[in-house]
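The ATP binding site annotation in Swiss-Prot covers TYR30, SER31, GLY32, GLY33, GLN34, ASP35, SER36, ALA37, THR38, CYS39, LEU40. As annotated by Swiss-Prot, Zn(2+) binding site applies to CYS218, CYS233, CYS236, CYS239.
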Amino acid sequence: MTANQTKKSVPSFTSDIRQGVSNEGCLVLYSGGQDSATCLAWALEHFDRVETIGFDYGQRHKVELECRENLKQKLIQNFPDWAAHLGEDHMLDLAVLHQVSDCALTRETEIAFGEDGIPNSFVPGRNLLFFTFAATIAYRRGLRHIVGGMCETDYSGYPDCRDDTIKALQVAINLGLERRLVLHTPLMWLDKASTWQMAEEVGGKELVEIIRQESHSCYLGEREILHDWGYGCGHCPACELRAAGWESYQKSRS
């Protein structure tokens, strides 16, 4: 098997994780979006103790934060074995990001791409801060593993979603805390179709349906229109990416 095939193979990756850390605890960066919801389910399947952390950073729409709680409750109701492993939720106020960031996720600005190819939905430093605060909570809670839904395959040009960024951040965090925390990004080499597939492998069609209906990706906060792939405006980059992934996922199953 080539290195590229290994990166894109969900079964081989999940098997490797299952061997080493299932008896430990982790902290999941959980926003209520498709990626973080998939990572939460993945963590509940692979770790004995799972806590979550979310951030209110002055987003244009609070819909994702509302979906965050609804989706978690659906997981608790439909997956009682997971519910036994789900612990405390930590919600942090990072309103300072709204003060220092002028982007389409924190301002009423039309989504567009800059000359460098990075969309103006990029919040500079967001994931750097998220992981740093998560590491602080993990340190205090005695959790060695932190799970995030960053993805380089579908990362829309966000530099803080790159594998190199996360690896460098892990080194910096461990030096600064004098710990050996592990930053897990199980979606890093998966496209959106493979992310849907991963959800099915972790929790079956029931989990896929929960993520489809309860998670939120739309940059415009649209929750009135239910498409085959979930709620959203259908036109923003996040909706287009999610829709294309769903279509590819469905084709792979036929």
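Using N, Cα and C of the backbone, Cβ positions are placed for all residues, glycine too.
Note that the structure is a prediction, hence the values are computed from the model and not measured.
What Swiss-Prot annotates, mapped onto the structure for a quick look.
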residue: TYR30; record: ATP binding site; DSSP (3 states): coil
residue: SER36; record: ATP binding site; DSSP (3 states): helix
residue: CYS218; record: Zn(2+) binding site; DSSP (3 states): coil
residue: CYS233; record: Zn(2+) binding site; DSSP (3 states): coil
residue: CYS239; record: Zn(2+) binding site; DSSP (3 states): helix
* Asked: Using the Cβ centroid of TYR30, SER31, GLY32, GLY33, GLN34, ASP35, SER36, ALA37, THR38, CYS39, LEU40 as the reference point for the ATP site, which residues of the same chain not in that list have Cβ within 8 Å?
  -> LEU71, GLY149, SER215
* Which site among CYS233, CYS239 has the most other CB atoms no more than 10 Å from its CB, taking these as binding-site residues? -> CYS239
* Asked: Expressed to the nearest Å, what is the distance separating GLY32 (ATP binding site) and CYS218 (Zn(2+) binding site) at their Cα atoms?
  -> 11
* Asked: Can you tell which of LEU40, CYS218, CYS236 has the most other C-beta atoms within 10 Å, given these are the binding-site residues?
  -> LEU40
* TYR30 (ATP binding site) to CYS239 (Zn(2+) binding site): how many Å between their Cα atoms? -> 19
* Closest of the binding-site residues to CYS233 (Zn(2+) binding site), Cα to Cα, picking from GLN34, SER36, THR38, LEU40? -> GLN34
* For CYS236 (Zn(2+) binding site) and GLN34 (ATP binding site), what Cα-Cα distance in Å is obtained after rounding to a whole number? -> 15
* Asked: In whole Å, how far is CYS218 (Zn(2+) binding site) from LEU40 (ATP binding site) when you measure between their Cα atoms?
  -> 19
